[in-house]
Amino acid sequence: MVRVRAVVMARDDSSGGWLPVGGGGLSQVSVCRVRGARPEGGARQGHYVIHGERLRDQKTTLECTLRPGLVYNKVNPIFHHWSLGDCKFGLTFQSPAEADEFQKSLLAALAALSRGSLTPSSSSSSSSPSQDTAETPCPLTSHVDSDSSSSHSRQETPPTAPIATVESAAAFPLATRPQRRRSSAQSYPPLLPFTGIPEPSESLAGAGSQGWGSRGYEDYRRSGPPPPPLALSTCVVRFAKTGALRGAALGPPVSLPAPLTEAAPPAPPARPPPGPGPTPAPAKASPEAEEAARCVHCRALFRRRADGRGGRCAEAPDPGRLLVRRLSCLWCAESLLYHCLSDAEGDFSDPCACEPGHPRPAARWAALAALSLAVPCLCCYAPLRACHWVAARCGCAGCGGRHEEAAR
């Protein structure tokens with residue numbers, strides 16, 4: 001359903017905060033549907049899972065089976081977390097757009113899961129009312145989609161069903177919710193709005209427009225789409241192939257037919273060339289027959305070659321550079337800079353970087369010089385790094401990370 005890149009977080013009850021799972025690192029997190037019965041053995045349509053796999057070593061960092069009663073919290077545009085029973089998971093996204101896309105897919109999966117779990121309970125409601133109330137799932141509640149979740153609970157759950165809420169929903173009076181639920185049950189037939197296509201994204205957008213705490217986030221996410229229709233409406237596609245861009249941009253619309261009449265005579269010579277085979281071949285063939293693809297390491301677009309690889313990638317694994325770092329014992333210099341010359345956040349510059357702006361450059365180079373006396377192999381880093389650079393420029397195998405196309 002969706003695939004994003006984020007850092008998987010876990011709740012630390014001892015400190016009361018969130019910590020990265022497995023030492024951190026970006027993971028490929030996806031919401032997907034698994035065919036077959038759920039582990040509980042309830043629904044027949046299949047179940048939905050949230051699966052996370054770290055890009056660095058393909059290690060599974062997140063495995064969560066979705067069930068009704070999930071409580072979703074949106075702390076800020078790029079950090080969301082949810083709880084399911086005693087389990088708590090969190091994700092730190094790279095952009096608000098990816099976070100919004102993940103939340104919409106999660107809402108869609110839970111809406112489909114709720115409809116699937118309500119089907120058997122509605123058929124057995126006439127025989128055993130107690131089973132109907134026991135099988136009724138708790139709807140999803142979140143900071144952003146509180147209105148849509150309340151309308152979802154009004155139409156699918158009885159007035160006495162428990163509703164999972166979050167701390168931000170305390171601003172609403174609790175006494176008015178059963179009354180609104182009864183009135184909606186009397187005026188609208190149950191389950192009718194949910195018999196068609198799932199509409200979690202539309203309800204989310206509607207809740208954002210009426211939002212009680214997410215109006216800023218909704219305006220931020222929806223601020224981009226309006227410009228593309230304006231740009232498409234102002235361009236004239238009819239004159240793009242005739243080369244009359246100057247007349248379309250500067251001249252009035254009345255003067256545009258003149259270039260068309262002048263361009264009409266060259267049109268007949270263009271028709272005969274498609275008949276012979278040799279002429280259209282140079283026009284259709286691109287210089288290197290390359291296609292645009294997305295890199296699996298940095299998620300950037302690149303021109304894919306015949307071997308499926310592209311240019312240099314800073315985040316791609318580089319065995320040659322790793323060998324240079326190990327042979328020169330560069331980790332000793334990094335450890336020295338981290339423990340002695342790092343800032344308040346624990347960041348430090350590269351040991352061999354000559355970039356200006358360091359607060360204590362003299363102390364930094366003096367410490368590295370003293371360390372090189374104790375670890376002489378540090379002096380080999382410069383020539384080894386130069387050899388690696390030459391090998392990467394020559395295209396030697398194992399030297400220099402390259403863009404690789406993501407698996408489809």
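In case you wondered, yes, glycine gets a Cβ from its N, Cα and C as well.
Per Swiss-Prot, the residue from the list R35, R246, R304 bearing the note omega-N-methylarginine is R246.
Record check of R11, R33, R238 in Swiss-Prot: the feature asymmetric dimethylarginine is attached to R238. Segment annotation: Swiss-Prot labels region 'Disordered' over residues 256-286 (candidates 70-100, 256-286). DSSP states for the domain 'WH1' (1-113), grouped as helix (H, G, I), strand (E, B) and coil, give 21 helix, 56 strand, 36 coil. Taking DSSP states H, G and I as helix and E and B as strand, the domain 'SPR' (294-405) has 53 helix, 14 strand, 45 coil.
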